[in-house]
Amino acid sequence: MTTNQKLLLQLLFFLSVTSCVAIYFAEQTSQYTTNFLLQQILFFAVSSLVCFFLSKWKLPSIRKWLWLIYLLFILLLLGLPFTTETNGARRWYKLLGFSFQPTEILKSFFILALAAVAVRYEKKPAKQILALMVTAVPILFFIFREPDLGSAIVYFVTFFAILLIANASRKWIFALLLSAFTVFSAIFYVIFNHLEWLQLVGIEPYQFARILSWMDPSSDPSASYQVGLSMTAVGSGGISGQSSQIYIPESHTDMIFSTIANQFGFIGVSVLLFVFLLLIQVLIRLALDAKNSFSVYAYTGFAVYFAFNIFENIAMTIGLMPLTGIPLPFISYGGSSVLGNFIAIGILLAISQYEKESAQSFSSN
């Protein structure tokens, strides 16, 4: 096992323990009667087995079954509009008392699919861009329409990152950056000048209220209530945390960062952020050391996905972004989220092992 592989597993263990500790403290408030900690431990146990199995999967086999798995998840996304609505969204399949969110599991195969397409059309930039868009846009649309704006944004940023590194030509890079700048400028113009237009493109009323309250908390105190409590909890943590509990809605899921900040203060948050940065640094280092394009695209995709997901979750808990209902990777409670993250680590270990074996085979020859 390589140094990077060992470090990935060590970081995974630390984050899993941190998750359990944070959920324990979140349960101390009177808002919960369910034993989320016990369930989370069960999720970790099952997900660890899946991670171990995937880490032994050979990369050629992963690529062989990739498109069948990808198609399966597209079908699952297509079926979401017919599921039961929960909190204004249809994101989950419910079976035998458990909820399953395809978007959380799909992320690894979304990244691998983009990597495979980027490699296939590597010598043809125009076709490569078109093929990547054909692969990604339907998924982005289905996720957006769940509605799951938070995940759609993370998926889009990941797609754009792979699109960017796949085209080394300065002409294409300039065109892509210019396109991104134009799109985001238009989005911010609409948000700050014609916010009502967002409802015309499918933004749900509750999402509209969240964006509006993010811009002007006084416009709808009820919509900004959760963020206000979250920011109070973060600020109350001080340097080393406090023992008293502050009520935070969804403190074990989307708002778990606030729980950690409140209980362990600036020191605890700094340690957690350092571990997250170390995780991203390992993935970037793996990408830089990779010997084939597929591995480079895959490592980069996972690095960007986790980095932006972490940023988006923390930013929404401290009021820098509107609430989007996206979990904090490896920390938030949830079976789908835990399983999706462990699948990602298992695949990353499999790719790393393939790189190691390929290097050994080359050196022996």
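Every residue, even glycine, has its Cβ placed from backbone N, Cα and C.
Taken straight from TrEMBL:
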type	residues	note
TRANSMEM	32-53	transmembrane segment
TRANSMEM	65-84	transmembrane segment
TRANSMEM	104-121	transmembrane segment
TRANSMEM	128-144	transmembrane segment
TRANSMEM	150-166	transmembrane segment
TRANSMEM	173-192	transmembrane segment
TRANSMEM	264-284	transmembrane segment
TRANSMEM	296-318	transmembrane segment
TRANSMEM	330-351	transmembrane segment
Mind pulling out the one from 128-144, 150-166, 173-192, 330-351 with the most Cβ pairs under 8 angstroms to the transmembrane segment (296-318)? 150-166
Who are the chain neighbours of the transmembrane segment (128-144) in space, where the CB to CB distance is under 8 Å and they lie at least 6 residues beyond its ends? 74, 77-78, 80, 103, 106, 110, 113-114, 117-118, 120-122, 151-152, 155-156, 159, 162-163, 166-167, 172, 202
Please work out whether the transmembrane segment (150-166) lies in contact with the transmembrane segment (65-84), by counting C-beta pairs under 8 angstroms that are 6 or more apart in sequence and asking whether there are at least 3. no
Which sequence positions outside the transmembrane segment (32-53), separated from its termini by at least 6 residues, show Cβ-Cβ distances below 8 Å to it? 12, 16, 19-20, 23-24, 26, 252, 333-335, 338-339, 341-343, 345-346, 349
